[in-house]
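Notes follow once the structure below has been shown.
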Amino acid sequence: MGPEFEDSIPLVHSDNRTTTIYSVYIIISDIFSFVQWLLFKVLNLIIIDSPAFVLRLLSKNFEINLHLSSILATLIGVSVVTYLVIRYKFLTGYSHSNDQKEGAGKKGIHPASSKVFVGKSKQDKKPSNYLDEFLLAIKVFGYLDKAVFHELTKSMTTQKLSHEEILCLDESLGFSIVVEGVAQVYTKKSKENSSKYKQRYFEEIEEERDEFLILGDKQYQLLNEVKSGAPLSSLFSTLDLFRPRNKNEEMALTPNDEDGNSVVALNMDYLSKSEPATDSKLSNSDDDENGQDYPEIIVRPKKSHNNGTITIAIIPHTAFERVQSKYPKATSHIVTMVLTRLYKVTMSTVQNYLGLTSEILKSEIKLNEENATSLPRYFVDGLLERLNKKEEAEAEAENLPKKLKHHHRNQLQRTTSRYVSLDSKVKSNHPGDLLSSVPISRSEFQKKVLPKSSTTSLSDGDNKRMNFTDEMEETEENSLRVAIIENIFKMVGIEETNGIVERTGYFQSLSSSTSSSIVGLDSLNQSIMSGATTPTTKRSHPVFNNQGSLMNTINLAELRKPSTAENSTLPKLSGKKRLLSDMNIKDAFAKSLEIKYIGPDSTIVSQNSAITGLYYVIDGSLEIYNRSADVSAPNRYIYTVESGGIAGYLTSVVGFRSMVTIKTPKKTGAVVAYIPKNDYNKLLDKYYFLQLPVALKLKNLLSKQILTIDYALEWCHIPAGEVLCSQGDLANGFHVVLSGRFRVVRSTNKNTEKEDVEVLGEYGHGESIGEVEVLTASRRSNTLIAVRDSETARIPRSLFEMLSNENPSIMVSVSRLVASKVLASQYQPRERNFITSTTSQESFTSANYKTITILPTVSGLPVRQFAEKLVQALRQIGRNVIALDQASILTHLGRHAFDESLARLKLSGYFAYLEEEYETIVYICDTPVQSNWTSTCISQGDCILLLADAEDDSTTIGEYEQLLVKLKTTARTDLCLLHQDKVVRAGSTSPWLKNRIWVQGHHHIQMKFEQGANVLPHKKSFISDLAAKLSQNKAIKSTFEATKQHIKWYVKENDQSKVLKIYKDDFMRLARILSNEAVGLVLGGGGSRGISHVGVVTSLERHGIPVDIIGGTSIGSFVGGLYAKEYNIVSIYAMAKKFSKRISSVWRMLFDLTYPVTSYITGYEFNRGIWKVFGFAEIEDFWIKYFCNSANITNSTMDIHEKGYAWRFIRASMSLAGLLPPIAFNGCMLLDGGYLDNLPVNEMKKRGVKHIIAVDVGSVDDRTPMNYGDTLSGFWVLLNRWNPFSSHPNIPTMMDIQMRLTYVSSVNALEEAKRTPGVYYLRPPIDPYATLDFGKFDEIYKVGLKYADDLFADWKSKGKFPRIAGLVEKKKDGEEKKILYRRNSI
């Protein structure tokens, strides 16, 4: 490349740069020139061309010719278009806000979840091995500790029976439990009932029927079928198993194998020798002619289960003896469980259901006949003398002389009886011993008479108070108290098992238990102890097929070794220590003793009273009376407790309510010694080793029939959500609800893919279930699901039939119970009518909740304040109620009430006791969400009240609700929205209910409270920000404060009636609804005649009658909706009059006319009239619970509306066919509900309302007889109408016949409503008024007001006024008095 070319390169680059710059310059200059030209043109157009165009236009002449008709047509067209735009675009805004699915009842928890529960099988959670079955059965002992449980199970043996074997149940050998298969338990019938079977032999066993079994010449009847996991032995049999046995008893239990040639002879020989020394549980031996004793109870496998075999686990009696020695506290727990089952299951069922109270009372009669022990005469004389002197002193002070009547006195002098010296004190004394009761100086006695041979002494820690009143001399009164306690001890059986008590005390001191007292009242302890430690040989029992043993071999020698070693080191307690321990116990009991005189014809204890105790009769007598379940029945005399006897024994020992009334004779009084039941229970808890002998004594006193019932009854524990019995199951028994609640569910459409579940109702405490199916031998018609943890007493069908044969009165009482249920069901709402009612799922009867839980949605809500107001309201309506919170439970049961298993058992027992004592229990959830008490409250509630702040804009799910959902409770849950004022913002309720499918209902409650810090603040808005800025202006602020003060003064002056409106209290309303004491108001349809409803409602307020639930039809739905929304008669009157004026306007109706294809009018003016009153308010926003009905002509059903826009469904309920078009909703056409039920009393009754005030304003049904032949001429009908002298009534027209046809079902429903119990039927005299006479508002209103005022005044004068809870206070004697409210006079 040459140098010339290289020099030319910079020149080329310079030319290119110059060309580019020039091009840019040209473009910019062109743009600038275009802008100048455009600007010039615009200015030219504005300044020159436009004015010139205007001048040319104005210089021309225009001429427009319009005819008058054209002008009018144009104006009419514009007016019509404007009207249509405004009418259908702007004035129908209320109709466009109905996109949500209104009126569709929420499904809630119970219908949806019940289906899931119905699908559960009771065998789903069936244990799969022996240990699980055993654990399930051992729960009857009450959550034993692991050490005690291991002590019982380590000696357990099992035995398997084939279908050809029969087991002779010997409860003295041990405690038996079925761990596999189903066992049939038979009991021997009496000789009289089985005499016709004497010619049959043992081999002739009837296999055609399982109810009876022939064994030799004895007949056995089926008592019960015991399934796997259930105990085969009676819980009462454990009492005998705890008692140590001597050598003779052990040898008596050993069978003799010598006579092994004959199977029957071997078995009979065994049976004759295997009878325990004590009375067996069902022992009532029936000897035949050969002297052979047949067993009272036999067991055989059920052939249709587990291939006809069963496996039984047996805990030998030695295991129980070791538990009693090592763990005496556990023994007392088991005894407590035995007594708990006795009073909760057996006695409760026998008294309240079977009506065998006399059988229970026989034990107390037997006690007084066999064991009554009177005091020495000098004790009684001295006591009467002191009481006489006391009465004389009181009479002199009050100037009212009184004298006690008493018997002749013994001539013994007090000084003589006071200082008698007895050497017999050295010997062991017995309660009731006359000589041992003589008062002497105790200090001298301790120095002289204690034996010197005592070699073992107690430790310093165990050596407590050794005398009665420290070192003070014992007075005669103290001696009297000790003598009384000794007699009571003897009667209740404490002296009979001193060996057990003494050994219990020793091991108790080793384990450092709560008490180290040792009772030694008998010198037989050493022989009992020696007998208990004697080893025994193995036992083997022959069976019927001679191929195996009746029970597995139990090596008693090996089982006795630990006990023998322990007992060998047991130091013998000296007589001194035994006596001192005896004094300590007597000391404690004597201190709680009250001695008093009761005058003639005085009632000491009333029947069913829980405040009772032990009454020892010192002088005089007490009469015992009993009254049947009928309150009007008189008291029936039972027996008399003479001097030395005890009254109130069963009530104190078992803990049951008093089954009798205890009175003194009409002419003479009585001197009694009284130990309150609470003090008695506390002392037995302290000296818990006394519980076993007391329970053994009670067992020996009970009759065979009661023990048989106790054996066969089942104590069923059903966890929450589990199925008690399923639809279609065999009815092999019926249940009595002891505690808890059950929901009745019925499944329909089983053959279809979608199975419907219908909730029929609920069963609560004390109600019985399933008698009809048992009596008719049919299958279960319903499924029962436990709402919460529940307990029932199951009465097997076989037991019921056996008792009915022996006591026909049982069948009579149960038949009456079933008949009363059938009779009551006639007045209950029909489940299925010929017209299906699509009732909301939340409207089933929620009768009488036993337990109510108050649970907040979030922390910071006034739970305690709400609970206090609710409890006060419940008490005011006459309920016996108690409120429980965590503090009260911890105070009663200790700080470990929710931690330990045994403590939880006590907790459940305490809750069950409270359910017996109180009508309503309120659980207050005042603890954090993680607390055990919160979970306990949720699980214990029959009804859960969920508190929420209605003014809180945040409607999210709170932490307490999350726990509620997590626990999967099936209890009814109601949302309580708390308002500061009695105002509900339209549409503010539905957001709370929208996402809470577990809520079945809601209540609006006014309660002033301060919002907690945890409650979320309200959302900010533009208006609030503007108000905040304006409040900074001083002038505006001062004006605002002045106006606010004026408004407060005005409200105060014009709201003086609040004090008188106690009947409007929201907590009283809530209390009545929860207690089945609600008052319902049902307003019927009738067009303008329904204006009288306003007058009736005004009269209700004047007379202070509360209204808790409102229902209505047609015009009744309108007036009822107004009252439910406003709850203020002034507002109702004004709005009803406004609506009537609008509807009665002729011009409005004329403008609403349309071509009468479906209806005469479009319904626009009618809709606007209703909407002007209710606006966008929803039924959920109404302050009072409300519902209305409509006729669904698409599905041919009656629809009940409880949610959705109020105006829409009230309009549907008022849609008269022909006049108004039907309301279209979800594709269905809704018409006036009066066509199906013009007075929906039946629907109100389904909501559990007790008092229903039904106001009927419908037209009178014309029932004039017609007789015009088989043919009818229309001309004759026309002439008959025109003929004033015709004797024939006017024949109805086609329109009249069609109208009557549509109201056929409504007329029948009205007649049924009049006959419904609890309905107060009102019909004002409004017949002269037509259906559309809305222009006569004031006249019709006054007719209704005057009628209601006169009727209510007449009711009050004649005593027919409804006894509404809260308005009438119940006295103790059953009388009632009207509650007067204080006037606001200042």
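For all residues, glycine too, the Cβ spot is worked out from N, Cα and C.
Features reported for this protein in Swiss-Prot:
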{"type": "BINDING", "residues": "697-821", "note": "nucleoside 3',5'-cyclic phosphate 2 binding site"}
{"type": "COMPBIAS", "residues": "402-411", "note": "compositional bias 'Basic residues'"}
{"type": "DOMAIN", "residues": "1081-1245", "note": "domain 'PNPLA'"}
{"type": "REGION", "residues": "394-416", "note": "region 'Disordered'"}
{"type": "TRANSMEM", "residues": "20-40", "note": "transmembrane segment"}
{"type": "TRANSMEM", "residues": "66-86", "note": "transmembrane segment"}
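Positions of the features from Swiss-Prot, shown on the structure.
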| residue | record | DSSP (3 states) |
| --- | --- | --- |
| Lys697 | nucleoside 3',5'-cyclic phosphate 2 binding site | helix |
| Leu713 | nucleoside 3',5'-cyclic phosphate 2 binding site | coil |
| Asp729 | nucleoside 3',5'-cyclic phosphate 2 binding site | coil |
| Val745 | nucleoside 3',5'-cyclic phosphate 2 binding site | strand |
| Gly761 | nucleoside 3',5'-cyclic phosphate 2 binding site | strand |
| Ala777 | nucleoside 3',5'-cyclic phosphate 2 binding site | coil |
| Ala793 | nucleoside 3',5'-cyclic phosphate 2 binding site | strand |
| Ser809 | nucleoside 3',5'-cyclic phosphate 2 binding site | helix |
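Listed in sequence order, the residues of the same chain lying 6 or more apart from Ala793 (nucleoside 3',5'-cyclic phosphate 2 binding site) and placing their CB within less than 8 Å of its CB are Lys344, Val345, Thr346, Ser348, Thr349, Leu713, Glu714, Trp715, Cys716, His735, Val736, Leu738. Averaged over the domain 'PNPLA' (1081-1245), the predicted model has a pLDDT of 92. Of all the binding-site residues listed here (Leu713, Val745, Ala777), it is Ala777 whose C-beta has the fewest other C-beta atoms within 10 angstroms. Around Asp729 (nucleoside 3',5'-cyclic phosphate 2 binding site), taking its Cβ as the centre, 15 other Cβ atoms fall within 10 Å, counting all chains. Of all the binding-site residues listed here (Lys697, Gly761, Ser809), the one with the fewest other CB atoms within 10 A of its own CB is Ser809.
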